[in-house]
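These notes concern the structure reproduced below.
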């Protein structure tokens, strides 16, 4: 998060010490791409009001600021530092949770039925039969939400009660984070976590530098630096002066821009500009800095409008997540209720007709009908609604909660997802999303800490055309080959005996210069780990790449020992040599190289340069065999997804150096166009180089990442990488994960804008024949790489047309940068021509009249740009988003959900991933080194990215299949039993009389048919876990909603209706006009036969549809019949009948039926008619079903686009060879080193005085303050 262009601008402003007229100018002195803000940020600077005023050590002043709360009420503008991320509190839990639960349509439906059951005149079932399970359902769901929220409260309390040292009076005391307010002064020590967004005032480091680690925010473990204003650095040198500090900060209102801050410090009558380089952000950790001071600017006191600190502003809000199946069930409940009402109306009309006819024929029994026909019909209507309400069984929702819980427990119990090194099992933090794990189509992944381990390893090198790789395992010696070197750290895994022998021989000049360059040309800082040992060195680098290179040189005997403002000391194979540093030409994103000009102890001047191959090769003096072999080596390294870097050097003539140095000094004192002049001077020196070789560094992926992504792609799951890291790093990882390939055409930002602009000019619509999808040739793979700055520019609500945006992007560069790009203009022209061939069209420049007027009339340019961009991105086989803020990550996820209507999953390990995790349908947090913020906000917790494969393809697919089969079967068995009530109404005078015994109705879905259904939801498997991983294509069924949809529901509806028809009318037809002892035409016997036929039919259906048989299934079926037999025997016993004849009216009804073999034959006939036709249809369907073609299996949905070899593809050097050092993306520490700012011994603050005054007694320190992650 610290690698921003604004940082370099801040340093130049401070080091050049602008005068009073320049104090408040927040732009750099001359135009330079390194210091220019993005277009969006420039607009925000112009339009933002600096209304946030904070005065140090003055709570009374800060408390006077008010803001509007409600109507005329006002509240304090600045709150404390207490965070509340939980959804409920003690008073709001019950009303708010009930409010959320009644967003489920089914709950509203059940509440209506319970109210109707409480009215005696219309109730056909006892009120407690639905009320009791309904309360149980609400309690189960409420308890689940309460447990989740208690976890959030505990997390909040842990964070709010962390200790920090706050200025109270004249000394620093240990206080809790929640006691902080804006304006308070805080003292931080090494390894402390920053409690709020603060202005850095001073530190014990030279020139008040402060090193911070942002791993918990953006996952990057390399250090960034912040620097205090020179005025506070010079004056705040002891505790007394700090305590009397009364400066006031006037700045922008709190916002979510992590890399941007604009404000000024007003102190002692002067104003000093502030930017992000002066700010310590909440969540960062202090590193390599003994003590520093800060003034709180933004605190996190909770307000209805949200938090104030930047990281909390990027965390997003907690959203209630519902699965696709849940939303479908809500719609089905509405559909069933409407159908139920229509059926009840139809049956009520039948009752109206029957009652009218009955009164006309039998007027002498009119006393039976106390009410009028209309009133009785009204009561009968609601009676039918209550009677048929069981078509939406509450038991289904209760059992579903247990199924969700069980499947979540199985995830936590899976030993295959247990990570032993960290003792970390997988964990389901929510129980309501397990089925949606089987429907994911888009995965949005962070990079650092999620895909990679952020560990750079020196893997290979090429010196003078010779490639040196690691020795084969059988040739490796057991002992460490670097034991001869006392400075070796023992961590270098690169072993090459041939290269080591060449180094020790000291005969190969190119090898010596190669390692010497790596030991000299860098901005690494060195410290001694132990003052007693001279050989224990600790390197601190701006990027892990540089540290890996310097460490490799150290182990090979070229040890970087120390540096001063104008010298660097290297131990070369035991010989200590001091090089005078004459100039350091630092890296930036345009130069893509770094150079150091040194004078060796012999007096000779040498230039050492390292950088991207594209810039090094253009500056070589001769291009012979070494260049060709090095190019081949670079190509080989790139194919292995290694990060490459070229090294070159030259000897500089003394006279040329004197002339060049004079021009360098002149350029350095220019007040305008300084960066351009320096660039030109650097260019003069960096010519006629001699190529030394190349290095190859591996950005180590986590174990199993490549296999996991390939398997997910075969399951039609698209993986997008959203990272805050640099473009080169993100693209390199894209190649390493095979999300990108050399055969892909990779769209970059300018090409994307031109595609969208030309598309609008030629088509203007996003549907039909002119859709972006039709622009792509089917045989071409296309990928996209975008940055957060580009996303802001593209989706910024501008009033300009897209062509204006293209012009602004193309012209917002410096002239010297344009000259740099002109060198590759021919290649760019060829690439654009190829791009239009790939898109299947030609680039034309039509006049304004050709633009589609209809689209402009109906849609704003901003909305059109958004839709067109998403349509283009969704057609790409790979999308890499780099330099993204947390809010931008969430925006991309939201846009995909909006335009695709698919299930999305976000996975990350840092606090910068929290917003994305909350926005996605499913959030997965990785429990790693970067804290627990992502874990605490996630739905599922994993230890490694590779476990995602098993989570989705095994547990996700199983859960989806189980819940779908459970729902289909539950709908079938419910309709099979309850549709009989409708047929019975035609023979009962439409009186809404139940056919079944009351106890059978109450226990049918609770005991008699529950256990087999529960087994389906918990243990059913169509294929084993191993087969699920071997056949990821099976996962597509969940993405397409094939197992439960409207059509499947209609099939279950028809199946259940057919079963009810057979059970009722076959029984009625056989018993029609029969009498005597063997007859079952009486009401109770008829009811028992129909009930028994239904129970046996649905049990046989379970036997047919279950594919995974275990002893548990046999026991489930056995206990279902056992419960039916025992409860029926008890409810129909004579003893209970004597006690309450109305409650237990079916006296020995089942016993009488069971004792007659002829009646049992009727039951067997019903079951056979229900089972055999369905079984025959299924066998015929399977026989006629087309087998899965082998060709289609090979061409999976994500890999169905095949590249075409004859296509005249121009190799893209920028992607084919990924330069390692270009990953730093920003200027390093060169300007700080050459000016002595970063080095000890420079004039400034008295470190001992500052640290002595700021130290506190041991009893006031809490040791946990250094251990707990933010």
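One-based numbering along the chain as shown.
Backbone N, Cα and C define each Cβ position, glycine as well.
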According to TrEMBL, which of these ranges is transmembrane segment: 125-143, 144-162, 163-181?
125-143
According to TrEMBL, which of these ranges is transmembrane segment: 924-950, 1113-1139, 1194-1220?
1113-1139
Which range, 966-986, 1239-1259, does TrEMBL list as transmembrane segment?
966-986
Please figure out which one of 998-1018, 1044-1066, 1159-1181 racks up the most CB pairs under 8 Å against the transmembrane segment (966-986).
1044-1066
Sort out the residues at least 6 away from either end of the transmembrane segment (379-404), same chain, that have Cβ-Cβ distances under 8 Å to it, and list them.
106, 109-110, 113, 116-117, 119, 121-125, 130, 133-134, 136-137, 140-141, 144, 333, 336-337, 340-341, 343-345, 347-348, 351, 371, 431-432, 434-435, 962-963, 966-967, 970, 974-975, 978, 981-982, 985, 990-992, 994, 1001, 1005-1006, 1010, 1013-1014, 1017-1018
Shortest C-alpha distance to residue 643 (ATP binding site) - which of the recorded positions 446, 909, 913:
446
Compute the C-alpha separation of residue 909 (Mg(2+) binding site) from residue 446 (active site, 4-aspartylphosphate intermediate), stating it in Å without decimals.
8
With every protein chain in view, how many other Cβ atoms are within 10 Å of the Cβ of residue 446 (active site, 4-aspartylphosphate intermediate)?
30
Would you mind listing the long-range same-chain contacts of the transmembrane segment (1044-1066), meaning Cβ under 8 Å and 6+ residues beyond its ends?
325, 328, 332, 963-964, 967-969, 971-980, 983-984, 1090, 1093-1094, 1097-1098, 1162, 1165-1166, 1169-1170, 1174
If you count other C-beta atoms within 10 angstroms, which of the binding-site residues 643, 883 is the most crowded?
643
Six or more residues beyond either end and a Cβ under 8 Å away: which residues meet both conditions relative to the transmembrane segment (998-1018)?
125-126, 129, 133, 390, 393-396, 399-400, 402-403, 406-407, 962-963, 965-966, 969-970, 973-974, 977, 1091, 1095, 1098-1099, 1102, 1105-1106, 1112-1113, 1115-1117, 1119-1120, 1123-1124, 1127-1128, 1131, 1143-1144
Across 909, 913, listed as binding-site residues, the smallest other-CB tally within 10 A is for 909
Would you kindly give the Cα-Cα distance separating residue 446 (active site, 4-aspartylphosphate intermediate) and residue 912 (ATP binding site), rounded to the nearest Å?
9
Nearest to residue 913 (Mg(2+) binding site) in three-dimensional space, by Cα, is which of the binding-site residues 587, 724, 883?
724
How many neighbouring Cβ atoms, not counting its own, are there within 10 Å of the Cβ of residue 724 (ATP binding site)?
29
Pop the Cα-Cα gap between residue 446 (active site, 4-aspartylphosphate intermediate) and residue 587 (ATP binding site) into the table, whole Å please.
26
